[in-house]
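What follows is a single structure, written as structure tokens, with notes after it.
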Amino acid sequence: MSDERRYLQELIIAELGVPASFDADTEIERRIEFLADQLRRSRATAYVLGISGGVDSGTAGRLCQLAVERVRAEGGQATFVAMRLPYGVQVDEADAQRSLDFIKPDETLVVDVKPATDAMVESVRHAGLGDREDFHVGNIKARQRMISQYVVAGARGGLVVGTDHAAEAVMGFYTKYGDGACDLTPLSGLTKRRVRAIGSRLGASDELTGKVPTADLETNTPGLPDEVALGVTYEEIDDFLEGREVSEQAAATIIAAHRRTAHKRAMPLAV
Ligand SMILES: Nc1ncnc2c1ncn2[C@@H]1O[C@H](COP(=O)(O)OP(=O)(O)OC[C@H]2O[C@@H]([n+]3cccc(C(=O)O)c3)[C@H](O)[C@@H]2O)[C@@H](O)[C@H]1O
Ligand SMILES: Nc1ncnc2c1ncn2[C@@H]1O[C@H](COP(=O)(O)OP(=O)(O)OP(=O)(O)O)[C@@H](O)[C@H]1O
Ligand SMILES: [Mg+2]
């Protein structure tokens, strides 16, 4: 990697808070305590999180469940509400159910985001969605999921949990104010392989931790692997974020995505 790219790599690692070393048990304890502490401080009484069947929500969901159990053991009031948010019938629904079996949430709610998404598409179609309609509809799905989680959080005095981590943050690979909208992020600073390691250590099956990551947003390409959409592998993104050497091409792709999506990691532009 060129000197300039190495320099940018270090800035990005610092910005996203990726530590040089990693110990799964230490990180699990730190993150459960963070979640428990935010409940104690905010006096919120619930955590709310969408469970897709992917490793990020499976891992974050289990951390939430362990945190609310810790708060309850101290005499506090706290519940974890897992939300299934399919768009109609989800092709990998069985994975989502396996994820719920692993998390063992206090409560599971199911909200189908299809009717609201389709109604919104119908209402805005006359504005012209252009030739990337499926892509734009994907972002509507992500935002409908955000709306349903905030409704439940509002009704239960709860907080919405996000699954953003360093490998997703660096690429800006999320929908702004969709799955990017949340009250706290218990996976922040983690690379994808570290999320998997935490999930594994918590007892998730290899099926869940090894599942191919997918945003699964576009109706015409269900389960499209993130790596196809990103043009770089998570191995390369993780190596980059853990300070290792990656190919010039991978470094260029990551640095360009980071720059292009800076607005997603910042507060709205203000005068
Ligand atoms: N320079 C700038 N300063 C301030 N704001 C700026 C901006 N450029 C764009 N924007 C705003 O940002 C918008 C574009 O951002 P956004 O709406 O997010 O849309 P966009 O980044 O185009 O699309 C979201 C991407 O994230 C992926 N995704 C979404 C959800 C979940 C997952 C997953 O992995 O699970 C992945 C999805 O597949 C897609 O590739 C623009 O429409 C504009 O409003
Ligand atoms: N079908 C769904 N049902 C419930 N929640 C969902 C669904 N799709 C996405 N989400 C929410 O949006 C978040 C972002 O999706 P993302 O794909 O990044 O994570 P993941 O599916 O948990 O893991 P992976 O990135 O490995 O696929 C999820 O963690 C989850 O909270
Ligand atoms: Mg996913």
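All residue numbers here begin at 1 and follow the chain in the order shown.
Just so you know, glycine gets a Cβ as well, placed from its N, Cα and C.
Nobody curates TrEMBL annotations by hand; they come from automatic prediction.
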According to TrEMBL, which candidate in LYS104, LYS192 joins GLY50, ILE51, SER52, GLY53, GLY54, VAL55, ASP56, SER57, THR163, THR214 at the ATP site: LYS192
Segment-level pLDDT (mean, integer) for the domain 'NAD/GMP synthase' (28-268): 97
Nonlocal neighbours by CB distance (under 8 Å) for ASP56 (ATP binding site), same chain, sequence gap 6 or more: THR163, HIS165, GLU168, LEU187, VAL195, PRO213
Site of maximum Cβ density within 10 Å, from binding-site residues ARG143, LYS176, HIS263, LYS264: ARG143
Residue among binding-site residues GLY50, GLY54 with least C-beta crowding, 10 angstrom cut-off: GLY54
